[in-house]
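Q: Questions regarding the structure given below will be posed in turn.
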Amino acid sequence: MFHRPKFRHLVRLLTLIVFTLVLASVTPLTSVDAHLPGAVTAPSRSGLPNAGEAQFTTPLEPPNTTELVDAVEAAVTRFLGQPPTAAVMMEDIVSDAGWAAGSVLITASATRPGPTAWVFLARQQATGWSVALEPEPQFQTWLAEVPASVMSEDLQALFRIAPSLAGNGAAQLSLPWATGESWYFTGGPHVGGFVNPQLWNAIDFSAGTGSGNIHAAREGVAYTYTTCPNFIRVVHSDGWRTTYYHVAQSSISIRNGQTIQRGTYLGKTSAEFGCGGGADGPHVHFSLEFNGQSVAFDGVDVGGWTVANGGAAYQGTMTRIQDGSVRSASIYLTAGNHIYNDGTIGSGTTPPPPPPPTYSGEFVSQAFQPQMVAGSTQQVQVQVRNTGTGAWDANTKIYALPLDQNHPFYDPSWLGPYRIASPGVVQPGAIGVFQFTLRAPATPGSYRIEFGFVQEGSAWFSAPANGAVFFPITVTAASATLQNNSFEDPAGPAPWQWHGSCNMTTYESGTYGVTAFHGTRFLATNRGEQPECTSFYQDIPYAPTPGATYTFALMIHAPPGITRTGTLALWAMGGEQPNASRTFTVSQQGWMCHEVSLPIQQSGHTGLRAEVYFPNEAIGVDTLFDYALVQEGIASLCPAVGSGSSRPGVFAAAYERNRASATLGSPMTGAFWGGEANPVVMQWLTGAGDSRHAMIFHDEVRDQPAGSVPAYVLHGPLFTEYWRRGHVDAWLGAPTSDVFTNAQGQFQANFTHGYLVLEPQLDQPAQAYAWPTPATEHWYVRYFNGMNRQAGPTWVEHVSDTWVAHNWEFEAPGNGQVGVWDDGFSSEWTRTVTLVGGEYEFFAYGDDRVQVFLNDEPLMSAAYLEARRLRRTLPTGVYTFRLEHEEDEGGAQLQFAWMRLTTSRVYLPVVRR
């Protein structure tokens with residue numbers, strides 16, 4: 001899922017679920033140690049390679065987690081002067097070198113209509129954790145001492161105390177909706193949070209029948225909260241903070257820690273109150289703070305209007321500074337509480353021009369052919385000038401619209417189903433060249449291919465707008481085959497002839513131990529003592545069409561141990577007789593395909609001649625030929641990847657994923673079924689260098705629905721070892737990953753029941769290991785490439801954390817060192833626990849999707865960055881949780897926890913990669 005970019009947090013290196021839990025409410029079953037083969041370096045605590053966790057600060061581990069929670073709760077009570085009357089929750093915990101930082105929230109309640117949030121700093125002393133909240137003086141002192149690994153220098157500067165309040169307009173606030181729109185003042189100053197019940201620091205606005213789009217009142221760093229939905233807090237650079245509550249969760253467009261500008265769209269108004277309190281209708285609860293302390297709205301200027309208290313909470317007025325017009329707060333939407341946003345800032349400042357965009361481009365040129373034949377390909381180009389302030393890199397991509405679906409012109413060379421290509425590094429002012437391949441769909445018709453641009457993980461481009469760059473292309477039906485002459489019948493209507501004294505004989509499949517490529521007979525040229533046999537050809541009585549292109553393809557099987565160089569040629573007979581030729585080398589035993597294409601420029605040709613010749617030597621003893629084909633069109637006639645399989649796209653994806661042209665050569669055969677106990681579909685590749693022995697494997701038996709199980713490529717020494725062990729019929733089973741380098745620098749490939757590991761020096765035998773089996777007291781986790789969890793797993797591990805809290809961000813599980821992809825993967829998490837009877841609340845959060853099962857019965861689901869809660873009463877007993885998680889594209893997260901509602905202890909599960 002990637003409907004919009006998923007932004008990285010400046011502070012959130014570890015995203016935490018915050019939940020009120022009692023440890024005693026979860027009684028684990030008898031412990032069973034997880035089994036991992038002794039020959040492999042022990043994994044990190046998450047079961048993933050250590051190199052991945054090195055990118056993060058040290059997560060908080062028990063007992064420090066419990067002690068820190070207690071200390072933060074005590075700090076909140078100390079600051080308020082009494083224990084809070086609503087739930088206290090914590091997020092974004094980062095710890096390093098005896099320091100910690102994070103966010104603490106108090107949810108809204110019946111008497112406190114808005115949540116309260118602060119950032120805190122904590123320092124580990126000899127007596128335990130000492131905590132300072134954002135409004136406290138100690139917080140300012142520690143800002144000068146906290147390491148940047150816990151709070152970045154930019155954030156330290158953001159939270160330093162600014163000069164004192166300069167006047168009623170000092171906050172420099174805009175109205176929290178778009179310029180040119182009118183909203184309604186539905187709630188005068190009232191209590192905004194938990195700091196001071198006598199201080200009215202919040203006002204309410206409703207869009208009525210308008211857009212409902214909430215915009216930031218000024219620039220700053222935005223905070224969103226997993227455990228406090230519908231709530232956004234923006235920290236501004238001079239000590240001011242604004243908060244926005246009742247923002248529709250599904251509409252929130254910014255991410256935690258994102259730097260935003262004045263007027264940035266935040267989300268839509270709603271009556272949702274996922275962080276406590278309530279709402280009678282869609283509106284935004286807009287509140288004001290200064291250096292972490294609530295500030296009364298009475299007398300504050302917002303967007304050219306001065307706010308004044310009324311005789312009671314929710315009453316009050318707003319007076320326009322320009323002309324003295326007065327609007328009174330009311331739940332009714334009338335002219336009397338109608339507020340127009342003319343773009344004024346604070347007491348009357350004109351809005352500054354918006355800053356130049358970081359990622360933006362200007363269309364320069366494009367090159368493409370407006371007509372294509374179904375199934376054909378063409379190279380196209382789009383040139384765009386970098387008009388933003390940021391350099392482009394490998395994460396800068398052109399994509400095809402619409403998003404989130406396979407594009408009809410998709411080619412396997414694309415970066416994804418609709419992510420196409422990157423221009424590389426392009427500095428501001430320079431021109432980026434997006435060059436890529438389009439593959440015409442099978443259905444003829446007129447198409448408009450629209451494009452957009454994105455900086456992956458950061459932002460959509462502000463320009464060119466989606467669809468501003470487009471290709472109009474007409475696709476016509478492919479021409480019928482001109483002629484297909486297999487060597488099954490060399491004496492057919494257009495017989496094969498030769499130059500010199502050749503003995504051309506047809507053989508049945510199996511002669512010389514060679515299987516005919518298409519299952520037909522094949523022809524051998526037996527030179528014997530006649531070295532003058534140098535070529536053979538076929539004249540085809542077919543008048544080629546001017547403007548058309550014709551292709552000739554041939555399969556050749558070389559004699560063992562012989563290397564020969566030849567030429568493949570296609571001639572247009574009659575007239576000027578243009579020709580096209582291609583030199584090839586036959587250097588190993590095995591079928592190899594070669595082809596050449598000839599465009600016809602003029603009329604008057606009477607036929608075509610297809611010829612193979614060896615200009616410097618005779619064809620040779622027992623050179624074998626099979627499958628000659630001449631047809632109109634430029635589409636490849638050689639054995640395609642996946643040829644002979646009902647899933648050619650799956651084979652093509654595996655071939656391209658392994659940079660096929662550089663390492664794997666060409667297909668040697670069509671796809672065929674192999675294996676007896678565990679039949680799979682295979683295809684031999686010619687290979688090159690260390691990849692000489694190469695094959696694509698696809699577990700088609702379990703590929704339901706079609707295309708849900710990927711194919712994989714094995715090559716080199718690991719392939720040889722797998723084949724020696726009995727390949728698919730051995731205990732390892734079918735491949736579930738390509739060959740990759742693991743965290744220990746070893747070559748590895750994964751299979752249905754285990755994995756093979758080989759040292760790069762190749763001076764030690766390969767080792768095979770079985771996947772670990774389920775163990776109580778741990779989550780048993782199986783990762784899959786693709787969404788079909790009925791196929792074999794790509795990686796298996798134990799995770800000992802009580803609750804699931806994994807944030808892979810934009811990386812693959814294990815950072816690509818366990819064979820799992822960064823996009824298009826799924827996982828299954830199972831764990832058995834004993835729960836004490838009582839009412840429980842369950843929490844789930846999935847990006848892109850998670851479905852939770854309790855004792856194999858559906859419990860709840862969450863999707864697309866939505867947090868879900870569910871309450872259920874359970875008797876004391878043994879329960880098995882199963883989580884089914886799916887990740888399409890972009891950032892990936894999975895969180896799941898539970899609490900027994902009769903308890904109040906807060907625990908923080910540790911987020912894993």
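From the backbone N, Cα and C atoms, a Cβ is placed for every residue, glycine too.
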Q: Region 'Disordered' per TrEMBL: which of the ranges 42-61, 822-841 is that?
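A: In TrEMBL, residues 42-61 carry the label region 'Disordered'.
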Q: Please identify which of His246, His285, His338, His407 is recorded by TrEMBL as part of the Zn(2+) site containing His190, Asp204.
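A: TrEMBL lists His190, Asp204 binding Zn(2+), and from His246, His285, His338, His407 it also lists His285.
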Q: What residue among Cys275, Cys502 is stated in TrEMBL to be the disulfide partner of Cys228?
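A: That would be Cys275, the partner TrEMBL lists for Cys228.
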Q: Of these binding-site residues, His190, His285, which scores lowest on Cβ atoms within 10 Å?
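A: So among His190, His285, the binding-site residues given, the one with the fewest Cβ atoms within 10 Å is His190.
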Q: Compile a sequence-ordered list of residues in the same chain as Cys228 (disulfide bond), six or more apart from it, whose Cβ lies below 8 A from its Cβ; state 'none' when nothing qualifies.
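A: Result: Met89, Leu105, Thr107, Pro115, Ala117, Gly274, Cys275.
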Q: Which of the three DSSP-derived classes (helix, strand, coil) applies to His285 (Zn(2+) binding site)?
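A: For His285 (Zn(2+) binding site) - judged by DSSP and reduced to three states - the answer is strand.
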Q: Taking the Cβ of Cys275 (disulfide bond) as the centre, how many other Cβ atoms fall within a 10 Å radius?
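A: Cys275 (disulfide bond) is surrounded by 24 other Cβ atoms within 10 Å.
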Q: For the active-site residues listed here (His246, His283), which one has the lowest count of neighbouring CB atoms within 10 Å of its own CB?
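A: Among the active-site residues His246, His283, the sparsest Cβ neighbourhood within 10 Å belongs to His283.
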Q: Which residues of the same chain, at least 6 positions away in sequence, have a Cβ lying under 8 Å from the Cβ of Asp204 (Zn(2+) binding site)?
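A: Those within reach of Asp204 (Zn(2+) binding site), by Cβ under 8 Å and sequence separation of 6 or more, are Phe185, Thr186, Gly187, His190, His283, Val284, His285, Phe286, Tyr314, Ala329.
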Q: With the Zn(2+) site defined by His190, Asp204, His285, which remaining residues of that chain have Cβ atoms positioned within 8 Å of the Cβ centroid?
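A: Not counting the recorded site residues, we get Pro113, Gly114, Gly187, Gly192, Ala202, Ile203, His283, Phe286, Ser287, Tyr314.
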Q: Any idea what DSSP makes of His190 (Zn(2+) binding site), helix, strand or coil?
A: strand
